[in-house]
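A.B. asks: First, the structure itself, so that you have it in front of you.
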Amino acid sequence: MASQLTDAFARKFYYLRLSITDVCNFRCTYCLPDGYKPGGVTNNGFLTVDEIRRVTRAFASLGTEKVRLTGGEPSLRRDFTDIIAAVGENDAIRQIAVTTNGYRLARDAASWREAGLTGVNVSVDSLDARQFHAITGQDKFRQVMAGIDAAFDAGFEKVKVNTVLMRDVNHHQLDTFLAWIQPRPIQLRFIELMETGEGSDLFRKHHISGQVLRDELIKRGWIHQLRQRSDGPAQVFCHPDYAGEIGLIMPYEKDFCATCNRLRVSSVGKLHLCLFGDGGVSLRDLLQDDAQQYALEERISDALREKKQTHFLHQSNTGITQNLSYIGG
C-alpha cells in the first residue's frame, strides 16, 4: 500500500467525495434554480463503473476509508447499484455513503443497502410540504419522508439529513426540526449557505451564520461531540433527551479548513482539491486499464502538493464552482 495521502500542511485525507453525475431532477433555489442545463460533460460522458472501480481502488490504496457518492442526484444513474458494489470491492473502504434528494429512496433503499451502502444523507430544507415544494421545485415532500422511513426499515441505523440554513426561510424553525428528531436517530445537519458563482445574490439575501444556532443549542444543553478522522466537516451535538443529533457545517468559521480530510473527484474524472478551488487535475486518461494504477496513484499524490491551506470564500472567491451540482457539493 502506498503512503497515506498527506498535504503540505500535515492534513491527512481519509475521505473521497465522488460525483457520478451532475444531473439533478430538483430545482433547489440555492443550487439549480433554473433546473439542470447540460453543458459541463465531455463527449466521454460520466465515469463508467469500471472507471469508478479503478479510481476508488487507487484512493483506497492511498489510505481512503470513506467514499461518498454525490451528484447532481446519484440515483438518476441506472447503474447506481452496480457503482455501490464496485466501490465496495475495496476492503480498505469501510464506509460507502450517498447524498441524495431522496425521491427514489423509498423504492431503492433496501437494494442499495444490499449492494453495500452504509450511509444515507437526504436533503430536506423544510418540514413544511409547501415550503419544501417552493425550495426544491418538486412536490415530493411526502415521498422523501417515506424514503427516510424506508432507509430505517432497510437497516440503516442512522440517517443524516442535510438542511441548508437560510435567513427568513428556515433559520427560525429550530423547534420544529428538534421535535422531529427527538424520537428518531437522525443526524440533522444545518449547512451554512455558501456563495457560488451563480448564487451571489441569493447568498447576500439569505446567508446567516450557524453560530446563531450553535449558541442556542449550547444554551439548551446540547453537548459537542469529538470528531472521528473520516468524519465530514460537521460539528456534532447530542442531548440526553433526544434520539437524534444536530450537526453544524460552517465553512465561513475561522479555521474551518484546518481539519480538512476530504478530496473530490468530479463526474468526468477530475480531481478537485477543494470545492471552491480553481481548475482540477484530470485523472481520466489513467482510468482506462488496471495496469495504470501506480501512475494514477502518483498523479493523485503529486496533485495534493498544490492544495491550499484554506478556501477564499471570505473574499467571495468561489473558484470554478458555479453551482453545487458542478463538482458535488
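Glycine residues also receive a Cβ, built from the backbone N, Cα and C atoms like all the rest.
Swiss-Prot feature annotations, pasted as is:
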{"type": "DOMAIN", "residues": "8-234", "note": "domain 'Radical SAM core'"}
{"type": "BINDING", "residues": "Arg17, Arg68, Thr99, Lys160, Arg262, Leu263, Arg264", "note": "GTP binding site"}
{"type": "BINDING", "residues": "Cys24, Cys28, Cys31", "note": "[4Fe-4S] cluster 1 binding site"}
{"type": "BINDING", "residues": "Tyr30, Gly72, Ser123, Met194", "note": "S-adenosyl-L-methionine binding site"}
{"type": "BINDING", "residues": "Cys257, Cys260, Cys274", "note": "[4Fe-4S] cluster 2 binding site"}
A.B. asks: Rounded to a whole angstrom, what is the C-alpha distance between Cys260 ([4Fe-4S] cluster 2 binding site) and Cys31 ([4Fe-4S] cluster 1 binding site)?
C.D. replies: 23
A.B. asks: Greatest CA-CA distance (Å) over the residues Tyr30, Gly72, Ser123, Met194 that the record ties to S-adenosyl-L-methionine?
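C.D. replies: Among the residues the record ties to S-adenosyl-L-methionine, max Cα distance equals 17 Å.
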A.B. asks: Averaged over the whole of the domain 'Radical SAM core' (8-234), what is the pLDDT?
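C.D. replies: The answer is 94, the mean pLDDT of the model over that range.
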A.B. asks: Can you tell me the CA-to-CA distance separating Leu263 (GTP binding site) and Ser123 (S-adenosyl-L-methionine binding site), as a whole number of Å?
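C.D. replies: Counting only the Cα atoms, the answer is 21 Å.
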A.B. asks: Consider the binding-site residues Cys24, Cys31, Arg68, Thr99, Cys274 and say which one has the Cα lying nearest the Cα of Met194 (S-adenosyl-L-methionine binding site).
C.D. replies: Cys31
A.B. asks: For Cys257 ([4Fe-4S] cluster 2 binding site), which DSSP three-state class applies?
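C.D. replies: In the DSSP reduction, Cys257 ([4Fe-4S] cluster 2 binding site) maps to helix.
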A.B. asks: Which one is it, among the binding-site residues Arg17, Ser123, Arg264, Cys274, that lies nearest to Cys31 ([4Fe-4S] cluster 1 binding site) by Cα separation?
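C.D. replies: Answer for the nearest of the binding-site residues: Ser123.
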A.B. asks: List the Cα distance (Å, whole number) between Cys257 ([4Fe-4S] cluster 2 binding site) and Arg264 (GTP binding site).
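C.D. replies: On Cα coordinates alone, these residues lie 15 Å apart.
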A.B. asks: Secondary structure at Cys28 ([4Fe-4S] cluster 1 binding site) (DSSP, helix/strand/coil)?
C.D. replies: coil
A.B. asks: Between Thr99 (GTP binding site) and Ser123 (S-adenosyl-L-methionine binding site), how far is it from one CA atom to the other, in Å?
C.D. replies: 7
A.B. asks: Rounded to a whole number, what is the top Cα to Cα distance in Å among the residues the record ties to GTP, namely Arg17, Arg68, Thr99, Lys160, Arg262, Leu263, Arg264?
C.D. replies: 20
A.B. asks: Three states by DSSP: which one describes Thr99 (GTP binding site)?
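C.D. replies: Assignment for Thr99 (GTP binding site) reads strand.
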A.B. asks: Nearest to Cys274 ([4Fe-4S] cluster 2 binding site) in three-dimensional space, by Cα, is which of the binding-site residues Arg17, Cys28, Tyr30, Gly72, Lys160?
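C.D. replies: Closest candidate to Cys274 ([4Fe-4S] cluster 2 binding site), judged by Cα separation, is Arg17.
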A.B. asks: Three states by DSSP: which one describes Lys160 (GTP binding site)?
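C.D. replies: Reduced to three states, the DSSP call for Lys160 (GTP binding site) is strand.
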A.B. asks: Taking just the CA atoms, what is the gap between Arg68 (GTP binding site) and Ser123 (S-adenosyl-L-methionine binding site) in Å?
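C.D. replies: Distance between the two Cα atoms comes out at 14 Å.
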